[in-house]
Ligand code: SAH
Ligand code: SF4
Ligand code: F3S
């Protein structure tokens, strides 16, 4: 009930999100938590009462973006000293009070495991810097997804974090340090959140975790693996599409592969990062899988779901990488044929085992990156063109710029433009793909 005489003062919150989908999810949850304190989201930073930067630490460039954005906020803060500036996410976790030392205009620093306390921090009822790994589960202290207010944009596709942290300790990666140890959320909480989302019109859920397929938990009948969780989600009426990201090759259990065959709502799309095609480099990276093992796994997944599209992440120029190692990566890519992939030049990160190893010449790494991206772009184009003539499901997410046009995502996550004057956001329709453009497809409503 709202108090008519004393309506809560509406304050405006601007959030900028960097990094991975887990940060996108966290930003939504922080918006919901702040919504309970009367904050609504604004798209206009200059108009905000609070600016929250939800940051990423994965590569140096990602982390440096925070400081250039903070620099740009200086005039605004000088003009309006009561403007609150908060830093959340993985840079907050990694650098803590160092951020305030470097940029005194920052009022609050909150890590990925403490953001349930953000409203209290803003009210001045909790410390201004919180980057511990508290014993309590933050999700138990956040408002339920159903309490979404005007602050949160509604969309037919939603993220749902089911697993946090990582215990894999790849030699290049900050995630085990910024996100902490691997924790799986309990089955009942996940199913409840999924049902809440479906109740408010969500038709597609992407399950998130840095090592999402390593999820496990106690369910009915004993210990569940990730495949079992997907089967349970497949039983939710109104949940038409399930996706998940990101997975580690070593956690692709038989039951999960079988779920790709058996659960019709599970989309034929799998992001399975391999990082390199060279066993020597994979060992140096502490990836604990081989190139041949990855290829065998791909064979089994394709056997279970022949129309699946595979995507991956690659790092080039990892310390010690030779031309021969790079050619191994090129061969693996040629052999698998990816729908799309992210490829990055290695960036040494403070506190990680590979940080002080001798680096590959930067120009050589650039050349390798270019060569790899050339091949990946060709494969992406071929995969997209292979969609032409096919009838696919498309979930409309927003109206297009032209009258009567809708934009949605295909089963394979391609953006599809469709003339559909009668349709609404949230409709899931059959579309015949008629054309492949540079970064999207065009389709027509199928009869
Ligand atoms: N948990 C996921 C991905 C985590 S980060 C996994 O295990 O695959 C996303 C991607 O960023 C990684 O897959 C990797 O390709 C890239 N990445 C991580 N650390 C990096 C670094 N130090 N330099 C360059 N790329 C990096
Ligand atoms: Fe990082 Fe490796 Fe964990 Fe992925 S599996 S988050 S790359 S340490
Ligand atoms: Fe970046 Fe943290 Fe995600 S480092 S990739 S925001 S887990």
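Each residue, glycine too, has its Cβ placed from N, Cα and C.
Values in this document were obtained by computation on a predicted structure and should not be read as measured data.
What TrEMBL records for 11-127 is domain 'MTTase N-terminal'. Residues or ranges marked as [4Fe-4S] cluster 1 binding site by TrEMBL: 20, 56, 90. Residues or ranges marked as domain 'Radical SAM core' in TrEMBL: 152-385. As annotated by TrEMBL, [4Fe-4S] cluster 2 binding site applies to 166, 170, 173. The annotation domain 'TRAM' is assigned in TrEMBL to 385-447.
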Handout entry: Annotated binding-site residues 56, 90, 173, filtered by Cβ under 6 Å to ligand 1
Key = 173
Exercise for the section: Kindly point out which of the binding-site residues 20, 90, 170, 173 have a C-beta less than 6 Å from some atom of ligand 2. Expected result: 170, 173
Exercise for the section: Would you mind giving the whole-number mean pLDDT across the domain 'TRAM' (385-447)? Expected result: 96
Handout entry: binding-site residues clustered about residue 56 ([4Fe-4S] cluster 1 binding site) [Cα within 10 Å; pool: 166, 170, 173]
Key = none
Practice task
Across all the protein chains here, work out how many other Cβ atoms are within 10 Å of the Cβ of residue 170 ([4Fe-4S] cluster 2 binding site).
Solution key: 21
Practice task
Could you check which of the binding-site residues 166, 170, 173 have their CB within less than 6 A of ligand 3?
Solution key: none
Exercise for the section: Pop the Cα-Cα gap between residue 166 ([4Fe-4S] cluster 2 binding site) and residue 90 ([4Fe-4S] cluster 1 binding site) into the table, whole Å please. Expected result: 13
Completion exercise
Using DSSP three-state counts, the residues of the domain 'TRAM' (385-447) come to 1 helix, 34 strand, 28 coil
Practice task
Take the C-alpha atoms of residue 173 ([4Fe-4S] cluster 2 binding site) and residue 20 ([4Fe-4S] cluster 1 binding site) and report the distance between them in angstrom, rounded.
Solution key: 14
Completion exercise
Once DSSP output is merged into helix, strand and coil, residue 90 ([4Fe-4S] cluster 1 binding site) belongs to helix
Exercise for the section: Run through the Cβ atoms and count how many others sit within 10 Å of the one on residue 56 ([4Fe-4S] cluster 1 binding site). Expected result: 21
Practice task
Measure from the CA atom of residue 20 ([4Fe-4S] cluster 1 binding site) to the CA atom of residue 170 ([4Fe-4S] cluster 2 binding site) and give the result in Å, rounded to a whole number.
Solution key: 17
